[in-house]
Amino acid sequence: MSHNDTIVAQATPPGRGGVGILRISGLKARDVAQAVLGKLPKPRYADYLPFNDVDGTPLDQGIALWFPGPNSFTGEDVLELQGHGGPVILDLLLKRILTLPGVRIARPGEFSERAFLNDKLDLAQAEAIADLIDASSEQAARSALNSLQGAFSARVNHLVEALTHLRIYVEAAIDFPDEEIDFLSDGKIEAQLNGVMADLDAVRAEARQGSLLREGMKVVIAGRPNAGKSSLLNALAGREAAIVTDIAGTTRDVLREHIHIDGMPLHIIDTAGLRDASDEVERIGIERAWQEIEQADRVLFMVDGTTTSAVDPAEIWPDFIERLPAKLPITVVRNKADVTGEALGLSEVNGHSLIRLSARTGEGVEVLRNHLKQSMGFDTSMEGGFLARRRHLQALEEAANHLQQGKAQLLGAWAGELLAEELRLAQQALSEITGEFTSDDLLGRIFSSFCIGK
């Protein structure tokens, strides 16, 4: 599809509503205004007009807004028609507009894509539009808005600019080797490089916070039947999300709850009790439990404190520990402290965190909440942050690795050419975040996840 086409889409959610908005962008937007409204509205002024069919009879009436390019969201001529939000009315108006030559339905995210291609937004800002719409908490929404307003892009652009200056300095040292001053060994380049690396580390720390805000943490509650897994899910969720009985094997499928701990999204997953099951339904539930465990960020290993005094997970259930993916963090949760009389709280045992609590009474659950937040490095005190995606983290990590390699070349062999190449690669990795160096395939994947009218 051509970017020269004029596109139209509904900008409001599908279904009935008080207001429904159609957005038109492109060279033919002016023709749409003349055909549907009978005139071109005054730029950036609300005009109350009938929306006319092909034969001139009104289909609806409402507000028309005209934004001539380049002073519009997409950078093109944009017309917005704000009418009544009935699906039939909007469908009739959409069909009327599509009768005009050169106008087609927009692809998902095509309005934002055009804004990016016309330099109205960089790629990180365009992604922030979708993140703002999908925000699941107030803190995530504020951070997404910061990204949309350019906070993340400004940090990245500052790093790119610093790398540009450093590359100029390094390449000057390479091009003028006969100068009396040895630029590579006089310490100035190393000092500048260390400064850029420190700034990059700070951005990476904020980006990790932003990624947590956007994607959350996946925590799976696992253990033997009747250990109190469903009771813990209910305690963390603050509601009766799971059925709790004294019958072993009550939970036979995966249960999911989405909560927030001081703004950090948490995906809690309750699983079927793990055992050798003869029942086919329970067996399938146990297999699903293992699938969830393998994809978790952390596992809460639930232990019935009345059945064992052991605290080392390898001693409590060695077969379970052996099957866990390598490097998957585990928190041992000894439940039923209200019955055993154990002291509530958090401790460390053989490299694993151990929490004693009572899921039934809720005692010690707040300790677990704080532990989950701290284990992911989530900092609630960070203000003015931004959201980040996995591709952003990967790009920042790649840039950091190139700078480390460059520093090794500088200090190990004074290899200016190799240092310059590592700086170039780091700069390229950072530029992928804002879209300065990004493949068309990646752009297609990013914008295809947007709403149709965005």
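Note: Cβ is positioned from N, Cα and C throughout, glycine not excepted.
On a predicted model such as this, the values are computed, not experimentally measured, just so you know.
As written in Swiss-Prot, here are the features:
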type	residues	note
BINDING	Arg23, Glu80, Lys120, Lys454	(6S)-5-formyl-5,6,7,8-tetrahydrofolate binding site
BINDING	226-231, 245-251, 270-273, 335-338, 358-360	GTP binding site
BINDING	Asn226, Thr245, Ile247, Thr250	K(+) binding site
BINDING	Ser230, Thr251	Mg(2+) binding site
DOMAIN	216-377	domain 'TrmE-type G'
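Positions of Swiss-Prot features highlighted on the structure.
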| residue | record | Cβ contacts under 8 Å, 6 or more apart |
| --- | --- | --- |
| Glu80 | (6S)-5-formyl-5,6,7,8-tetrahydrofolate binding site | Ala11, Ile21, Leu22, Arg23, Ile24, Ile63, Ala64, Leu65, Phe67 |
| Lys120 | (6S)-5-formyl-5,6,7,8-tetrahydrofolate binding site | Pro70, Phe73, Thr74, Gly75 |
| Lys336 | GTP binding site | Gly228, Asp304, Gly305, Thr306, Ser358, Ala359, Arg360 |
Mean per-residue pLDDT computed across the domain 'TrmE-type G' (216-377): 82
Coarse DSSP state, helix versus strand versus coil, of Lys229 (GTP binding site): helix
Least Cβ-crowded entry, counting other Cβ within 10 Å, from the binding-site residues listed as Arg23, Lys229: Arg23
